[in-house]
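Presented below is the structure to which this report refers.
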Amino acid sequence: MTGIRSALPNPASLVESSTHRFLIFDAPNDDNLPLYINELKKYNVSHLVRACDPTYSTEPLQAIGIQVHDMPFADGGSPPDAVVNNWIKILGESYKKDSKETIGIHCVAGLGRAPVLVAIALIEGGMNPLQAVEYIRERRRGSINIKQIQYLKNYKSKKKSSCRIM
(Lines of atoms letter the chains of each structure in order from A and count residues from 1; the text may use other names and numbers.)
(Lines give C-alpha, C1' and ligand atoms only; values in the text may rest on other atoms or scores of the structure.)
Protein backbone atom coordinates (compact mmCIF):
# COMPACT_ATOMS: atom_id res chain seq x y z
CA MET A 1 0.00 0.00 0.00
CA THR A 2 1.04 3.58 -0.44
CA GLY A 3 0.70 6.73 1.59
CA ILE A 4 -2.23 7.98 -0.49
CA ARG A 5 -5.48 7.68 1.45
CA SER A 6 -8.21 5.76 -0.36
CA ALA A 7 -11.94 6.47 -0.38
CA LEU A 8 -12.65 3.06 -1.89
CA PRO A 9 -14.41 0.36 0.15
CA ASN A 10 -11.50 -2.00 -0.65
CA PRO A 11 -8.31 0.02 -1.07
CA ALA A 12 -6.36 -0.22 -4.31
CA SER A 13 -2.78 -1.51 -4.34
CA LEU A 14 0.08 0.19 -6.16
CA VAL A 15 2.73 -2.11 -7.63
CA GLU A 16 5.78 -0.42 -9.16
CA SER A 17 8.55 -1.85 -11.31
CA SER A 18 11.49 -0.22 -13.00
CA THR A 19 9.38 0.29 -16.14
CA HIS A 20 5.73 0.52 -15.07
CA ARG A 21 3.28 1.43 -12.31
CA PHE A 22 0.15 -0.68 -11.77
CA LEU A 23 -2.89 0.03 -9.65
CA ILE A 24 -4.77 -3.17 -8.75
CA PHE A 25 -8.32 -2.89 -7.46
CA ASP A 26 -11.71 -4.59 -7.36
CA ALA A 27 -14.45 -3.98 -9.92
CA PRO A 28 -16.44 -0.77 -9.72
CA ASN A 29 -20.07 -0.48 -10.78
CA ASP A 30 -21.98 2.45 -12.26
CA ASP A 31 -23.04 3.63 -8.78
CA ASN A 32 -19.56 3.84 -7.24
CA LEU A 33 -17.57 4.60 -10.41
CA PRO A 34 -17.09 8.27 -9.39
CA LEU A 35 -15.13 7.11 -6.30
CA TYR A 36 -12.92 4.97 -8.51
CA ILE A 37 -12.42 7.78 -11.00
CA ASN A 38 -11.11 9.99 -8.17
CA GLU A 39 -8.67 7.22 -7.21
CA LEU A 40 -7.56 6.69 -10.81
CA LYS A 41 -6.87 10.42 -11.15
CA LYS A 42 -4.74 10.39 -7.95
CA TYR A 43 -2.51 7.75 -9.50
CA ASN A 44 -2.45 9.26 -13.00
CA VAL A 45 -4.02 6.20 -14.65
CA SER A 46 -3.87 6.38 -18.45
CA HIS A 47 -4.90 2.80 -19.33
CA LEU A 48 -7.45 0.65 -17.52
CA VAL A 49 -7.65 -3.11 -18.04
CA ARG A 50 -10.80 -5.02 -17.15
CA ALA A 51 -9.91 -8.69 -16.61
CA CYS A 52 -13.54 -9.57 -15.86
CA ASP A 53 -16.92 -8.98 -17.45
CA PRO A 54 -18.00 -5.31 -17.57
CA THR A 55 -19.89 -3.95 -14.55
CA TYR A 56 -19.90 -0.26 -15.54
CA SER A 57 -19.99 2.09 -18.50
CA THR A 58 -16.61 3.15 -19.91
CA GLU A 59 -17.88 6.53 -21.13
CA PRO A 60 -16.95 8.51 -17.97
CA LEU A 61 -13.43 7.06 -18.11
CA GLN A 62 -12.95 7.75 -21.79
CA ALA A 63 -14.22 11.30 -21.24
CA ILE A 64 -11.23 11.99 -18.97
CA GLY A 65 -8.71 10.33 -21.32
CA ILE A 66 -8.43 6.87 -19.79
CA GLN A 67 -8.23 4.12 -22.41
CA VAL A 68 -10.23 1.05 -21.34
CA HIS A 69 -9.16 -2.41 -22.51
CA ASP A 70 -11.41 -5.44 -22.02
CA MET A 71 -9.43 -8.63 -21.40
CA PRO A 72 -11.72 -10.99 -19.51
CA PHE A 73 -10.72 -14.54 -18.66
CA ALA A 74 -11.97 -17.21 -16.25
CA ASP A 75 -12.06 -16.41 -12.53
CA GLY A 76 -9.32 -18.27 -10.66
CA GLY A 77 -7.67 -19.24 -13.93
CA SER A 78 -4.80 -18.23 -16.12
CA PRO A 79 -5.00 -15.90 -19.11
CA PRO A 80 -5.19 -17.38 -22.60
CA ASP A 81 -2.43 -16.45 -25.06
CA ALA A 82 -4.61 -13.80 -26.76
CA VAL A 83 -5.04 -11.96 -23.43
CA VAL A 84 -1.31 -12.21 -22.65
CA ASN A 85 -0.41 -10.89 -26.10
CA ASN A 86 -2.84 -7.95 -25.76
CA TRP A 87 -1.49 -7.24 -22.26
CA ILE A 88 2.10 -7.16 -23.53
CA LYS A 89 1.02 -4.83 -26.34
CA ILE A 90 -0.48 -2.42 -23.76
CA LEU A 91 2.72 -2.61 -21.70
CA GLY A 92 4.71 -1.59 -24.78
CA GLU A 93 2.32 1.23 -25.69
CA SER A 94 2.27 2.63 -22.17
CA TYR A 95 6.01 2.52 -21.48
CA LYS A 96 7.56 5.95 -21.16
CA LYS A 97 10.89 6.46 -19.46
CA ASP A 98 10.58 8.23 -16.10
CA SER A 99 6.81 8.44 -16.50
CA LYS A 100 4.48 8.53 -13.52
CA GLU A 101 1.58 7.23 -15.61
CA THR A 102 -0.11 4.18 -14.18
CA ILE A 103 -1.95 1.22 -15.66
CA GLY A 104 -5.11 0.51 -13.69
CA ILE A 105 -6.18 -3.13 -13.67
CA HIS A 106 -9.02 -4.94 -12.01
CA CYS A 107 -11.00 -8.14 -11.87
CA VAL A 108 -13.99 -8.76 -9.59
CA ALA A 109 -12.10 -8.80 -6.26
CA GLY A 110 -8.66 -7.71 -7.46
CA LEU A 111 -7.05 -10.85 -6.07
CA GLY A 112 -6.63 -13.25 -9.00
CA ARG A 113 -6.80 -12.22 -12.62
CA ALA A 114 -5.50 -8.66 -12.22
CA PRO A 115 -2.50 -9.64 -10.05
CA VAL A 116 -1.63 -12.47 -12.47
CA LEU A 117 -1.39 -9.99 -15.34
CA VAL A 118 0.77 -7.69 -13.22
CA ALA A 119 3.00 -10.68 -12.36
CA ILE A 120 3.39 -11.37 -16.08
CA ALA A 121 4.50 -7.77 -16.58
CA LEU A 122 7.09 -8.15 -13.81
CA ILE A 123 8.33 -11.42 -15.32
CA GLU A 124 8.55 -9.76 -18.74
CA GLY A 125 10.67 -7.11 -17.03
CA GLY A 126 13.11 -9.76 -15.81
CA MET A 127 11.79 -10.68 -12.37
CA ASN A 128 11.76 -14.30 -11.23
CA PRO A 129 8.16 -15.64 -11.21
CA LEU A 130 8.09 -16.50 -7.50
CA GLN A 131 9.67 -13.16 -6.61
CA ALA A 132 6.97 -11.46 -8.69
CA VAL A 133 4.24 -13.29 -6.75
CA GLU A 134 5.85 -12.40 -3.41
CA TYR A 135 6.33 -8.77 -4.46
CA ILE A 136 2.66 -8.45 -5.43
CA ARG A 137 1.44 -10.27 -2.31
CA GLU A 138 3.40 -7.84 -0.12
CA ARG A 139 1.25 -5.09 -1.63
CA ARG A 140 -2.01 -7.02 -2.11
CA ARG A 141 -2.51 -9.74 0.51
CA GLY A 142 -4.31 -12.89 -0.53
CA SER A 143 -3.65 -12.40 -4.22
CA ILE A 144 -2.80 -15.15 -6.74
CA ASN A 145 -3.99 -18.70 -6.05
CA ILE A 146 -1.97 -21.94 -6.25
CA LYS A 147 -3.14 -22.76 -9.79
CA GLN A 148 -2.10 -19.29 -10.92
CA ILE A 149 1.28 -19.60 -9.19
CA GLN A 150 1.90 -22.82 -11.12
CA TYR A 151 1.02 -21.04 -14.36
CA LEU A 152 3.42 -18.19 -13.52
CA LYS A 153 6.23 -20.62 -12.61
CA ASN A 154 5.91 -22.13 -16.08
CA TYR A 155 5.38 -18.82 -17.89
CA LYS A 156 7.95 -18.09 -20.59
CA SER A 157 8.72 -14.48 -21.44
CA LYS A 158 7.49 -13.35 -24.85
CA LYS A 159 10.49 -11.06 -25.30
CA LYS A 160 12.74 -11.90 -28.22
CA SER A 161 15.95 -11.33 -26.27
CA SER A 162 16.95 -13.48 -23.33
CA CYS A 163 19.11 -10.68 -21.93
CA ARG A 164 17.05 -8.59 -19.52
CA ILE A 165 17.82 -5.91 -17.00
CA MET A 166 15.49 -5.26 -14.06
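From the backbone N, Cα and C atoms, a Cβ is placed for every residue, glycine too.
Keep in mind that what you see is a predicted model, and the values were worked out from it rather than measured.
The active site, phosphocysteine intermediate annotation in Swiss-Prot covers CYS107, and the record cites sequence analysis as its basis. According to Swiss-Prot, the feature phosphate binding site maps to VAL108, ALA109, GLY110, LEU111, GLY112, ARG113. Positions annotated as substrate binding site by Swiss-Prot, on the basis of similarity to another entry: ARG113. The annotation disulfide bond is assigned in Swiss-Prot to CYS52-CYS107 on the grounds of similarity to another entry. If you look up Swiss-Prot, you'll see CYS163 marked as S-farnesyl cysteine.
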Other residues, Cβ within 8 Å of VAL108, ALA109, GLY110, LEU111, GLY112, ARG113 Cβ centroid (phosphate site): ASP26, ALA51, CYS52, ASP75, HIS106, CYS107, ALA114, PRO115, SER143
Residues that sit under 8 angstroms from LEU111 (phosphate binding site) by C-beta distance, when 6+ apart in the chain: ARG140, GLY142, SER143, ILE144
Coarse DSSP state, helix versus strand versus coil, of ARG113 (phosphate binding site): helix
Length of the line joining the Cα atoms of ARG113 (phosphate binding site) and CYS52 (disulfide bond), in Å: 8
Cα-Cα distance linking CYS52 (disulfide bond) and GLY112 (phosphate binding site), given in Å to the nearest integer: 10
